[in-house]
Amino acid sequence: MTSTPIAFIGGGNMARSLIGGLIADGVDAQSLWVAERAPQSREALRAQFGVRTFEASPEAVIGAGIVVLAVKPQVLREVAQGIAEAVQHQKPLVISIAAGVRMSDIDRWLGGGVALVRTMPNTPALVRSGATALYAAAGVSAERRRQAESVLRAVGLTVWVDDEADIDAVTALSGSGPAYFFLVMEAMEAAAVQLGLKPDTARLLALQTAFGAAKIALEASESPAELRERVTSPKGTTEAAVQVLREAGIEAIFSRALAAAAARSRELGDLLGSDR
Ligand SMILES: NC(=O)C1=CN([C@@H]2O[C@H](COP(=O)(O)OP(=O)(O)OC[C@H]3O[C@@H](n4cnc5c(N)ncnc54)[C@H](O)[C@@H]3O)[C@@H](O)[C@H]2O)C=CC1
Ligand SMILES: O=C(O)[C@@H]1CCC=N1
């Protein structure tokens, strides 16, 4: 991992996940700088991680080799324009994690000619089990790409996509994906409580089952479909449950859900980049 200071602009949920993961990977907290406008959040970031915090974003950019844009898409233009001068002076690698917002717009807001990598990480970065897709325009050097990849690889798996539009699909799949699995965990826990289990017992078993299923699916050579079939005895209990899920249209529901997320990502890109 690079030892250059990394400045996060925005210290919310996703920045905290990345910072926690980087520190767990051995990165020195003093080389992680965070510009965060909310005083309570700055205080919490210092207390939890021991990172340096800044009230004014340009101050965090000066001296940083890498700048991570970690504010909500809706405020990214204002934030980028506010640090443009510092970025043009400092010439850091800029990594955007914002959903939807296109690279050409961010580059323009930052004054143009910026070494920019657009990424879509997810919150399991906190426990170094993140999944991040990265995209860089043709002009970004191999060295800058390696630098961006090394930051995100420190907190989990990384993949490059060669079409920026793929980031919308990635956002729908792995960016938002943890929430879908949490929802399934919530639903399974509630259903098990209805069957008479104590809430604590139901949650523990639901969570460990999710963990075990993901672990075996990652480690085994078989596909998830083959692993599912292995659990499903003919005329057994799993078959009874899977039949209910299929009759309710589980595949179609996920297809619609991911399509909605990808459409929202594209919509954010259109909406927020429309100042040209
Ligand atoms: N939460 C998630 O699971 C993921 C989020 N993202 C992206 O990460 C970005 C951040 O999302 P979250 O962390 O969830 O949002 P958040 O709302 O938790 O964090 C944003 C932070 O930025 C701060 N902020 C707002 N304006 C600021 C300014 N002018 N200067 C400095 N700080 C400012 C806010 O006070 C807040 O703490 C978004 O663009 C989102 O699309 C990407 C992948 C996953
Ligand atoms: O919900 C969102 O818009 C962000 C992007 C991916 C996950 N959270």
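From the backbone N, Cα and C atoms, a Cβ is placed for every residue, glycine too.
These features come from TrEMBL:
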BINDING   Ile9, Gly10, Gly11, Gly12, Asn13, Met14, Ala70, Val71, Lys72, Pro73  NADP(+) binding site
DOMAIN    6-100  domain 'Pyrroline-5-carboxylate reductase catalytic N-terminal'
DOMAIN    164-268  domain 'Pyrroline-5-carboxylate reductase dimerisation'
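Annotated features, which come from TrEMBL, shown on the structure.
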residue	record	Cβ neighbours (10 Å)
Ile9	NADP(+) binding site	29
Gly11	NADP(+) binding site	26
Asn13	NADP(+) binding site	11
Ala70	NADP(+) binding site	28
Lys72	NADP(+) binding site	14
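The record assigns Ile9, Gly10, Gly11, Gly12, Asn13, Met14, Ala70, Val71, Lys72, Pro73 to the NADP(+) binding site, and the maximum Cα to Cα distance across that set is 14 Å.
DSSP assigns Gly11 (NADP(+) binding site) to coil in the three-state reduction, placing it in neither a helix nor a strand.
Confidence for the domain 'Pyrroline-5-carboxylate reductase catalytic N-terminal' (6-100), expressed as mean pLDDT, is 97.
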